[in-house]
There are 2 protein chains.
Amino acid sequence: MGNDYYYECPHPVAIPPAKPFIESVKSGIKETLFPDDPFRQFKNQPASRKFILGLQYFVPVLEWAPRYTFEFFKADLLAGITIASLAVPQGISYASLANLPPIIGLYSSFVPPLVYAMLGSSKDLAVGTVAVASLLISSMLGKEVHPNENPKLYVQLAFTATFFAGVFQAALGFLRLGFIVDFLSQAAIVGFMGGAATVVCLQQLKGILGLVRFTHETDLVSVMRSVFSQAHQWRWESGVLGCCFLFFLILTRYASKRKPGFFWISAMAPLTSVIVGSVLVYLTHAEQNGVQVIGHLKKGLNPPSVSELAFGSPYLMTAIKTGIITGVIEGVAVGRSFAMFKNYHIDGNKEMIAFGMMNIAGSCTSCYLTTGCRTAVSNIVMATAVMITLLFLTPLFHYTPLVVLSSIIISAMLGLIDYEAAISLWKVDKCDFIVCMSAYIGVVFCSVEIGLVIAVAISLLRMLMSVARPRTFLLGNIPNSMIYRSIDQYPIANTVPGVLILQIDAPVYFANANYLRERISRWINEEEEKVKSTGGSSLQYVILDLSAVGSIDTSGISMLEEVKKNIDRRDLKLVLANPRSEVIKKLEKSNFMESIGQEWIYLTVGEAVAGCNFMLHRSKSNNPATDKDELDAHDNV
Amino acid sequence: MGNDYYYECPHPVAIPPAKPFIESVKSGIKETLFPDDPFRQFKNQPASRKFILGLQYFVPVLEWAPRYTFEFFKADLLAGITIASLAVPQGISYASLANLPPIIGLYSSFVPPLVYAMLGSSKDLAVGTVAVASLLISSMLGKEVHPNENPKLYVQLAFTATFFAGVFQAALGFLRLGFIVDFLSQAAIVGFMGGAATVVCLQQLKGILGLVRFTHETDLVSVMRSVFSQAHQWRWESGVLGCCFLFFLILTRYASKRKPGFFWISAMAPLTSVIVGSVLVYLTHAEQNGVQVIGHLKKGLNPPSVSELAFGSPYLMTAIKTGIITGVIEGVAVGRSFAMFKNYHIDGNKEMIAFGMMNIAGSCTSCYLTTGCRTAVSNIVMATAVMITLLFLTPLFHYTPLVVLSSIIISAMLGLIDYEAAISLWKVDKCDFIVCMSAYIGVVFCSVEIGLVIAVAISLLRMLMSVARPRTFLLGNIPNSMIYRSIDQYPIANTVPGVLILQIDAPVYFANANYLRERISRWINEEEEKVKSTGGSSLQYVILDLSAVGSIDTSGISMLEEVKKNIDRRDLKLVLANPRSEVIKKLEKSNFMESIGQEWIYLTVGEAVAGCNFMLHRSKSNNPATDKDELDAHDNV
């Protein structure tokens, strides 16, 4: 035992074997960009099998086509027709929301679903984003180009924005950067979507009240001013019709929510409304009494629009900006729908590529954005149904009243206002609730873009703040155990006399190193003052529990060095407990471990306290043998 | 025990008592903005004492003045004269670096130190930032206004920038937002400072080589092109003189580094160089042989410059931008010097206010930025010395050769290139080294502003990336203990058959919730495949060790809910170990605790494994009594 007699550490802290630099870079890249291990199925396969799997990977249609049966087809046929009956009126409605000709909404329900059927692999995708994207298009492009004064340029810019949304999404997917959409927190999305839905509903007041002129602003104040300044022009026919249809749509939605088997009721309701509305108008000639109708829609499939992409336009930057923002919003919807439908075997980045391709193809075929889709074949069915509509049925929409479209949009939007989620945010996490409400208020009272910026900024700020201000806890011993836990959480835990045990609750980075240095110093001050005022045994050891410090950077190492110097200056001893592999590696490389002494680094707080107690008693009695007994006695308490 | 017989949890997880909302907001604000508890000394004091302490808090001179003795004064006198002998030549040099008239450098060493002596409380401040700030002024303002073509406007803008730097700093301090400078990581600062010092040195080639024309760009390529395109105009007299002085200065710096007692040698060296250089030029009339000299400096103290503040100028935005950036750089220097000199009793935000006031006062008295200072009285001594210089000695600088100033700057800058820190970064943390080198390269090859932006962006990005991609570890049992640790770090640890123990290594936020969901699912997949291929006992339990999850947001809670659903679908059971107070509170409020069952939340991984093992054995034998024995046997292993 000799001169340097220490409490023998029962479980030494291991320093993990050093990895070669290249290997750690490789594993870092893998964890960062390929966390879902998308190529796992290729491992340990012969070359021919790899080729087939590869083809199936890039063109999923090859995967499911051989296994496709007639049973599947029957289900898909029904689903496809149901979606089509939803897609046709919604397509027309959303196009009018984007201030685009209604026919473009129909075009957009034809080509893109076909592209997605070939490339995509998700079975369920969120419906409703299209409304928000349409709103973004009308609000961002509408600022630069007036859709009524220069309709041709406006449509061109919408195609161009769609093109860039596609390019952006495909690029994110190819570079496997799809995770950047994760930086929008769920609370922010709830607020943003709710706000956007509210704004969309407010815009529908134009249709419901049968107004001809309307503001181009989207904020609540402007819309209300516009609505009430024209109070004398409200058309009661339009209003009554709108309220009836809205009531009908909400009722069917509520009914199918109560009985999930009746999904088709709410899916067919919009088409039913359109038909009933059109027939009503046709019979009563209401279009001559202030009820606005769609008017002429030309027959025929999507005309090509490659030549319409306005790359040379002075508004190119606006189109790019609009494209990127709508691309992100769609990306968020993709990510969110995966989370919602718990489909764990989907590669988000691949979906991003599929979405990107869909939008690029769409922008070249007179489409602006895409509607939701279910399975590949049901997509094809739906596209076929839309094709038939485009070829033969467009004249039937001539008498469709705009007020029905407004009702359809409102009823769809009401589902996006997730007030239940907001209430649960308030209950669980006030901070997230504030994020949510800020995004909502930003969208409703300022503009969609400002709301989005607020949502992203406040989410990031909140995250940075919690990184910058990690919590530190005083630990105490849980009676009858060797376990040490925060005294705040476990009031039964007892502090150890002469030993201050602190726990750092987050990784240590440059952003919190200064704070932690000050905070630890304050803990020690407070403890010393407490000891002075109560007259307990004086402070001898400071144990830092690093269990929750998953990583550390060089600023953090410097912080520890300074803390150690500060503790040494007060004639105390710094002891570390449970440094993780990242931390211990860096402590070793930076020579901090040498300066603190490896014997002062323990595997658990319990062992660290035992070691400290042993040293405390040894320095009092200077008799190792009895100490050992005392120590054991303590251990067994 | 009844039907629902569970392993009795020896140490239940406590849910901390709920704090009222207001109280948690209050403590949040305190931890965020007042982590150093600046008003601690005011607690439990009578009102009169509070008033005196308050006065002393805002005007520290009241605190130290009564205790000031003649002994202190002797030390301060020496220190003050030493700093003055450093400040006078450096002031002139830095002003020339900022393309300002040399006299402004002298003015800046007079008023601001006096202001700081009244308001500031730091004893040591980093010298050298002024050079970087000067460079920033010349590069940012010089882009808009040419200092030779429109010298009056240029000087006005420099004052205005100084004013806004002061306002910005004071505002940060008042709002207690000084911590935002923490978001520049130490690695980024090392790189940025080194780069700026390199750029400053490169600029001195003009003075050393006696060139008359010189580029206004600061990047390496432009400077080298400018230097070598004028190779025929290099003046050897100037070069030789410069190299001699540089050698002398570096030698004295080296000597005083070796023997810290000789600090005054390196402090006096610049003034000695100036005197020797001036005498040499005066005697040899070298100013007529291509050695440029300062020329006429006007006598007299600082003229007021309030009326020079160019608030109405079209370049106001440039001045504001320059002011904010130099303000941040100075703020970083303040924060860094506290860290360097380990002065724990200084309130960084108060120092920011003092700095801000100093710059505001300076901008009104023809000063542009400030030099370092030591103690309050030594500042006064120094200011007096500078005052005497301004009143009587300025003509003596007429013959001071510019090349000496360049040598002084270079020798000061070489100390800022902290190559040792860069080497240690490489050794300890490759990632931090990359941050450092990016900032360095950005400054040297692009520009100071770009370097700064790169440094901030890359630091933040790195932090966001580590938040977005926390590590997860597989835990195993350390033999002969109840301790569970990562198998990566402790290869001796043994996995438990039928139980997968995972540890999440960082707080769970929206930014990493998606990743963690995918990663945990991949861990389970891999474990199930391993069991399948090796034929061990099938997986039954997944234990998530939340020890390192200091906080969680609502996205994180949803992630846990989805993980639970996924685990349930695989017929496994999710068990939680050691949730922290933040986490358990939110789990309770979100009803997740109900859905998982409180009996499946354990205080330690050891107890969780014991519980799982007990259930495993019970389901096999269906005899609680024997299980209990087996369980105990396992515990004692």
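Backbone N, Cα and C define each Cβ position, glycine as well.
What you are looking at is a predicted structure, and each value in this text was computed from that prediction instead of being measured.
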Residues flagged as transmembrane segment in TrEMBL, choosing from A:77-94, A:95-112:
A:77-94
Can you tell me how the residues of the domain 'STAS' (A:489-612) break down into helix, strand and coil by DSSP?
66 helix, 21 strand, 37 coil
Stretch-level contact, the transmembrane segment (A:234-255) and the transmembrane segment (A:77-94), CB cutoff 8 A, at least 3 pairs:
no
If we skip the immediate neighbours and take only residues 6+ beyond the ends of the transmembrane segment (A:439-461), which ones have a Cβ under 8 Å from one of its Cβ atoms?
132, 135-136, 139-140, 183-185, 187-192, 194-196, 198-199, 217-221, 325, 329
Counting Cβ pairs closer than 8 Å, which of A:77-94, A:153-175, A:187-214, A:262-283 has the most of them with the transmembrane segment (A:402-419)?
A:187-214
Top Cβ-contact partner of the transmembrane segment (A:377-397) among A:77-94, A:187-214, A:262-283 (pairs under 8 Å):
A:77-94
